[in-house]
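Notes follow once the structure below has been shown.
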């Protein structure tokens, strides 16, 4: 099943909804980075959140970066998501596993707080027009959903609910995705609707289970979560779009980046290693640069000096 993102409204247009399925996308990230169970879940949640944030950008080439900077053993993470449905990312420690925690109902879950530790969520929105918008908020839980909701409230003054979840077993990742809920400005002036939406969001239990049951049928997920709010997908080309893991790195860009190192360092690299091997943090692609290629770069720098 292909991953997708759905935009919808509810309560007669007073509520904005965005739902995303990222199962195949996160599986690809896990394969590329050889991620542990915990790091798979953390990165997957951030990918879903990044895509949902990017979905509201007005320009097709707009992008959102989420960076978790913290003192926990995960050593942070980074996600780059686009309005076009592409996303990539990495974690600081792709092998991290911690003992699970048990909630009041006896269910086991990942210890996101211990993995993330204390720190900040940094968000950058770039629409390609002038300087990107940057904002930083303190981490709330490390589970990504609450942290992104805090960003939306404090940095964009938009009260929101952000749900992210997954189903994972010792065999594979079964499902992954998220749901963004926002009340629109005019509807925010209706206390009864605000109270009803708040109540419905608090009543959502086992979001991961609901997501898993609905699969990529995100319209069914919206009805399952908000049956009495009449959720309806948008009636235009933006109602639904595909989502996939995609990295913009290329060999040409990577080789060109070597020029920034300067002649002295490149000459030292040539003498010691006879070439270079470049690795992209976002997708783990490796690019090998031969000795003659390095010599050509050194000559190019010499000619320009």
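Numbers run from 1 along the shown chain.
Yeah, the Cβs are placed from backbone N, Cα and C, and that goes for glycine too.
Under the DSSP three-state reduction, residue 249 (disulfide bond) is assigned to coil, being neither helix nor strand. Just so you know, the Cβ of residue 249 (disulfide bond) picks up 17 other Cβ atoms within 10 Å once every protein chain is counted. What Swiss-Prot lists as disulfide bond is 247-249 (among others), and the listing cites sequence analysis.
Residues or ranges marked as disulfide bond by Swiss-Prot on the basis of sequence analysis: 280-283 (among others). Cβ neighbour count for residue 283 (disulfide bond) (all protein chains, 10 Å cutoff from its Cβ): 19.
If you take the Cα of residue 247 (disulfide bond) and the Cα of residue 283 (disulfide bond), they are about 6 angstrom apart, rounded to a whole number. The Cβ of residue 280 (disulfide bond) has 247, 249, 254, 286, 287 as same-chain neighbours under 8 Å, each 6 or more residues away in sequence.
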